[in-house]
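Everything below concerns the one structure shown next.
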Amino acid sequence: MSAQNYHAGLHQSSTQRPPKRPNTEHAQEPPKRALIGGQTTPSSSGGGQTPNGTNYELEVKQQLSNYQKLFDQATYPFIRDVSTYEKLNKIGQGTFGEVFKARCKNTGRMVALKKILMENEKEGFPITALREVKMLEQLKHPNITDLIEVCSAKSTGTTGSKDRATFYLVMALCAHDLAGLLSNPKIRMSLVHIKTMMKHLMSGLNKLHRSKILHRDMKAANVLISKDGILKLADFGLARPFVQRENGAGPRPLYTNRVVTLWYRPPELLLGDRQYGTKIDVWGAGCIMAEMWTRQPIMQGDTEQKQLQLISGLCGSINKDVWPNCVNMPLWSAMSSEPNSALPQGKYRILPNKMKNLMKFDAPDSKTDPFGKNVKQHDSATDDDALHLLEILLAIDPDKRPTSDEAEDDIWFFKDPVPMANVQDLMDTIPNSQFEYTVGKGAHANRGRHQNAQQRPNQQQARPSNAIPAGQYRDTIF
């Protein structure tokens with residue numbers, strides 16, 4: 001039946017039988033959605049060809065190239081060009097970009113420029129960088145790094161080259177990072193310095209968690225110290241908001257498991273947990289606290305299996321007695337299988353004995369040294385309160401670790417010597433920036449007994465790397 005007869009039938013008496021539906025078996029498909037340039041996508045039976053006979057995959061690649069060209073040539077009227085700043089030297093490598101020391105040409109202010117790596121991005125501005133910008137704008141706190149502005153640099157090369165449009169996060173410049181500071185044997189820290197920096201660390205982490213944000217890459221290299229002695233959490237490239245369930249009700253959300261640099265990764269992540277919470281950051285804070293005394297990462301594994309073995313060797317065997325929920329972890333069976341189990345049994349917790357010999361300090365003289373600035377390490381009483389805090393921060397069972405709020409209010413911070421407002425007196429004794437020490441001399445590469453390094457996150461995979469350079473490292477506990 002033709003369309004003309006069909007429409008004519010609509011005007012006939014309603015008592016007549018309605019016309020049959022038109023036969024659509026061989027009807028022409030409606031036109032597909034147009035791509036840029038007015039051409040249409042192929043039908044499912046078109047064998048990968050567009051109506052004009054061109055290859056569809058090539059067509060899509062061309063359109064993506066057009067999109068990238070538009071992105072590279074775009075102007076951003078509400079952000080300044082990075083030429084406002086003069087780059088001086090490279091001072092670090094973050095999770096998702098390089099970091100440069102720079103000077104504002106207009107004001108002379110020294111800043112840090114964090115370049116957002118765009119070489120492997122095919123869909124414009126990376127979502128991880130958008131997250132970082134949004135969170136830093138939200139997190140205004142003395143112990144969290146400051147975001148000043150976002151700048152851009154126009155593309156200087158052809159589309160598809162590495163010189164495409166680039167963006168920079170302009171941050172307040174800090175004089176040192178904690179990894180570089182701890183790697184320099186000439187820098188001596190007193191108990192009050194350690195206590196002050198740990199107070200700052202817990203305060204910043206508590207602000208993060210109260211704002212419903214997970215850092216997910218706690219390590220000494222991501223802790224900065226300003227020239228006036230204020231410690232600041234930095235590098236939010238892996239951070240993300242989290243959902244806090246009311247009274248534990250409702251399903252627990254799933255997050256990506258491949259987060260946190262290996263040496264600071266807690267046992268639940270190593271066992272495949274994807275329903276983790278703030279306690280993964282608390283474990284990292286515990287690793288950093290121990291590092292204040294050991295001056296090197298305390299558990300240096302080169303694989304996830306070796307890292308679990310080192311945790312068991314230092315903190316005791318992982319089993320249902322110390323962590324009832326461990327057998328429910330996704331990788332429990334795989335990691336505990338013989339003959340090369342990553343979860344050795346019969347291991348005792350030796351962390352207290354290893355640390356108590358390092359945590360011995362004189363009590364400060366209340367008359368000549370009321371703030372404990374000149375407290376020295378030697379054979380006197382162990383700081384039991386510090387040891388207790390470290391013990392619970394590094395609890396195998398995440399439910400037995402304190403929250404960052406509880407850790408910030410731990411009794412250790414209220415015992416003499418109490419934390420100071422800052423560690424500027426320590427900063428005044430350090431002539432050169434420890435970023436230069438870290439980047440220029442390879443402080444991370446010189447940490448530990450075996451001339452290895454704190455691993456850097458894998459830039460292309462956008463997650464912490466498990467890879468340790470072959471031949472440079474052997475698994476070790478401090």
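Indices start at 1 and increase along the chain as displayed.
Positions of Cβ are set from backbone N, Cα and C atoms, glycine also.
According to Swiss-Prot, the protein carries these features:
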ACT_SITE  D217  active site, proton acceptor
BINDING   I91, G92, Q93, G94, T95, F96, G97, E98, V99, K114  ATP binding site
COMPBIAS  1-17  compositional bias 'Polar residues'
COMPBIAS  22-32  compositional bias 'Basic and acidic residues'
COMPBIAS  451-464  compositional bias 'Low complexity'
DOMAIN    85-413  domain 'Protein kinase'
REGION    1-55  region 'Disordered'
REGION    444-478  region 'Disordered'
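Recorded residues Q93 (ATP binding site) and D217 (active site, proton acceptor) have their alpha carbons 14 Å apart, per Cα-Cα distance.
Annotation for V99 (ATP binding site): same-chain Cβ neighbours under 8 Å, separated by at least 6 residues, are K90, I91, G92, Q93, A112, L113, K114, K115. When secondary structure is read from DSSP and collapsed to three states, D217 (active site, proton acceptor) falls in the coil class. Within the group of recorded positions (I91, Q93, D217), the Cβ with the highest number of other Cβ atoms inside 10 Å belongs to D217.
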